[in-house]
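Worksheet: one structure, shown below.
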Amino acid sequence: MLKFTQSYQFIQNNREGTALLAILALFALLGVIDRNYFNLQTFTMIFSSAQILILLAIGATMVMLTRNIDVSVGSITGLCAVTVGMALNAGFGLALSCLFALLVGMGAGFFNGILVTWLRIPAIVATLGTLGLYRGLMLLLTGGKWIEGLPADLKSLSTPILFSISPIGWLIMLLIVAMALLLGKTAFGRSFYATGDNLQGARQLGIRTDSIRIFAFSMNGVMAALAGIVFASQIGFIPNQTGSGLEMKAIAACVLGGISLLGGTGTIIGAILGAYLLTQIDSVLVLLRLPAWWNDFIAGLVLLGVLVFDGRLRCAVERNIRQQKYARFTTRPVAPDKKVKSNNNKAPSSKSFTKKEVVR
């Protein structure tokens with residue numbers, strides 16, 4: 001049992017390494033099936049396909065670290081994609097149109113944070129409501145129609161330049177490094193972990209937990225806006241169901257990478273690797289020529305499997321730790337020694353009486 005506990009604790013403390021090993025193992029497996037699969041071009045192609053999910057995983061990580069969850073990111077992604085598309089078709093420049101989308105995403109995330117922190121609405125309930133709100137607003141703006149005829153400037157953002165990586169791909173890599181340093185190396189970043197691990201304790205330490213949570217939701221909205229811009233630049237048009245179902249994949253990517261649903265545990269790198277692994281699984285389905293509707297099924301199955309596996313092992317480890325902790329307080333009953341005879345049950349001899357007792 002001790003070896004089992006140590007093995008699980010090693011896996012739990014090295015979820016990034018576990019996800020990386022899974023990615024490499026999948027590459028090796030597919031390399032055996034198709035030798036052309038194992039090359040740098042395949043790696044960059046999967047990274048390009050994973051950019052939207054990576055951005056959503058970064059935002060979801062910040063929210064989940066504070067022990068919250070946001071299921072409206074798919075709708076925010078669609079709303080921001082519509083915003084940038086409508087602004088471009090209205091004659092605004094690319095930079096200004098992207099700024100509009102980022103402000104819309106930040107505003108949507110900020111509103112989610114207000115609902116959770118100030119109005120004390122549970123995050124899952126609040127964001128379920130805004131999921132429908134933002135989706136409905138998106139359809140109202142477009143009239144249920146697709147946005148087409150986007151300028152070439154937007155599409156150039158996803159055109160490969162250096163090492164087969166697009167400008168927005170390089171921007172995402174810089175963003176990954178910056179967010180990893182922010183959360184892992186700064187006092188402000190550690191405030192997210194403290195807020196999710198022990199809310200009352202963080203408040204007693206002087207951390208402004210409400211501001212931290214609002215900031216997390218706002219940054220989640222910004223990441224969703226960037227994902228919407230990437231989506232529009234990659235395919236060149238905006239369908240009326242843009243972003244639908246992305247929230248589940250974002251949460252699954254974070255859980256695969258070691259982000260705890262209970263808050264306070266995980267890293268950005270782990271979430272990125274989880275997003276890459278999910279996208280790699282999608283590419284495997286394409287290679288195996290399976291229908292596209294298998295993607296959501298596989299993503300849901302992987303998420304459910306990880307949650308069940310993680311929960312069962314966590315309970316087993318906690319039970320074993322409790323047994324070891326309280327084992328030293330358990331005293332074993334001492335068996336009576338049959339060879340030692342007690343003198344308490346012997347009848348008093350005549351020699352034991354005093355003179356006074358004899359006189360009486």
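From the backbone N, Cα and C atoms, a Cβ is placed for every residue, glycine too.
Positions annotated as compositional bias 'Low complexity' by Swiss-Prot: 342-352.
Per Swiss-Prot, region 'Disordered' is recorded for 334-360.
Residues or ranges marked as transmembrane segment by Swiss-Prot: 18-38 (among others). Cβ atoms under 8 Å from those of the transmembrane segment (18-38) belong to residues 11, 256-258, 270, 273-274, 276-277, 280-281, 284, 287 of the same chain, restricted to positions at least 6 beyond its ends.
Under the heading transmembrane segment, Swiss-Prot lists 45-65 (among others).
Residues annotated as transmembrane segment in Swiss-Prot, with sequence analysis given as evidence: 76-96 (among others).
Panel annotation: around the transmembrane segment (99-119), residues 59, 68, 70, 72, 76, 79-81, 83-84, 87, 92, 126-127, 129-130, 134, 210, 213-226, 228-229 of the same chain, lying at least six beyond its termini, place a Cβ under 8 Å from a Cβ of the stretch. The annotation transmembrane segment is assigned in Swiss-Prot to 99-119 (among others).
Here Swiss-Prot flags 121-141 (among others) as transmembrane segment. Sequence-distant contacts of the transmembrane segment (121-141) (same chain, at least 6 residues past either end, Cβ-Cβ under 8 Å): 63, 68-72, 74-76, 78-79, 82, 86, 108, 111-112, 115, 240, 242, 244, 247.
Feature annotation from Swiss-Prot assigns transmembrane segment to 161-181 (among others); the stated evidence is sequence analysis.
Annotation comment: Swiss-Prot describes 219-239 (among others) as transmembrane segment. Long-range contacts of the transmembrane segment (219-239) within the same chain: residues 48, 51-53, 55-56, 58-60, 62-63, 70, 73-74, 76-85, 98, 101-102, 104-110, 112, 142, 146-150, 154-158, 168, 246, each at least 6 residues beyond the stretch ends and with a Cβ under 8 Å from a Cβ of the stretch.
Marked as transmembrane segment by Swiss-Prot on the basis of sequence analysis: 255-275 (among others). Note on the transmembrane segment (255-275): residues 12, 15-16, 18-20, 23, 50, 53-54, 56-58, 60-61, 64-69, 176, 179-180, 183-184, 193-198, 249, 302-303, 306-307, 310 of its chain, located 6 or more positions outside it, place their CB under 8 angstroms from a CB of the stretch.
Through the fold, the transmembrane segment (290-310) approaches residues 245, 248-249, 251-252, 255-256, 261, 278, 281-282 of its own chain, all at least 6 residues removed from its boundaries and within a Cβ separation under 8 Å. The annotation transmembrane segment is assigned in Swiss-Prot to 290-310 (among others) on the grounds of sequence analysis.
Long-range Cβ contacts of the transmembrane segment (45-65) within its own chain (Cβ-Cβ under 8 Å, at least 6 residues beyond either end) map to 73, 77, 109, 123, 158, 160, 164-166, 168-169, 172, 175-176, 179, 183, 192-193, 195-196, 215-217, 219-224, 226-227, 230-231, 234, 246-247, 249-251, 253-254, 257, 259-261, 263-268, 271-272, 274-276, 278-280, 282-283.
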